[in-house]
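Peer 1: One structure is given below, represented as structure tokens, and several questions about it will come after.
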């Protein structure tokens, strides 16, 4: 039978500063509504997650695309992944510069090459071959990212303090055909070493999608996520019969106790149940199912609106 489509998005786990809360909420809601629009028209989960993530890459409130944090040299280097649950195809890019939408490039890697991950210079050459215009690196940099970079350069600074405000973006979805997909995109860690690649570009860590169980996208401390292969771990728990929420909590708990890592995840299983869970202080998230929008930032916070109401209030400005 036809599945009811579901989309879930996150705008990053960590600490969301007060003055950025409204923008983070509005950004995940916008992304979820855009992705859901595609699903409602019979579009694929793959198109929906790509569109939702692209929307957040273009939003300066998130650490992905425009608004990405800067590496030690003051440049933007981004990672992204997309995965198709139907056949386990995936495409990813890492350490890419001068690209407005790394998620689009990841999708092209999946569909136009025999490979799954292109990095740095090679990813750039591939983007040019695909006709993707170069975006000057400085146009991706917000005032806020530059300020933070400078602060972190000061001798007595503690970049770790800032890492709590991470802001990777991601989306998972199931479409009316019952196919699942995930997408994740990030600017990485502020003041990271040049060439540092975190969990986002790594299949099974930054995201995983399999029609047999479901899809998940992760956010948080990349190195910790990689150590426990967080996305795949959650799906493993669901394969053992756990609900998305219990699977997510179990995996996040393991990551915290085993390696001291904090993060957040969004999950949808192959019957359309969803979860948005985090061990950090906050994570902006939004989901649409049955024409109902749910969203929040704090633990236990959950606002609900009908999609129609949300679309109306959006056209009027939040």
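Placed from the backbone N, Cα and C atoms, the Cβ positions cover glycine too.
Note that this is a predicted model, so its numbers are computed, not measured.
So TrEMBL lists these for the protein:
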| type | residues | note |
| --- | --- | --- |
| ACT_SITE | 168 | active site, nucleophile |
| BINDING | 196, 197, 198, 199, 219, 220, 221, 222 | substrate binding site |
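Could you place these features in context, so I can see how deep they sit and what lies close by?
Peer 2: Around residue 168 (active site, nucleophile), the same-chain residues six or more apart in sequence whose CB sits under 8 Å from its CB are 10, 12, 13, 63, 64, 184, 185, 186, 200, 206, 218, 219, 220, listed in sequence order.
Residue 220 (substrate binding site) counts 28 other C-beta atoms within 10 Å of its own C-beta, drawing on all protein chains shown.
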Peer 1: When neighbour density is defined as the number of other C-beta atoms within 10 angstroms of a residue's C-beta, which of the binding-site residues 198, 222 has the lowest density?
Peer 2: 198
Peer 1: Are there any residues at least 6 positions away along the chain from residue 197 (substrate binding site) with a Cβ closer than 8 Å to its Cβ? List them or say none.
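Peer 2: Listed in sequence order, they are 79, 94, 95, 119, 188.
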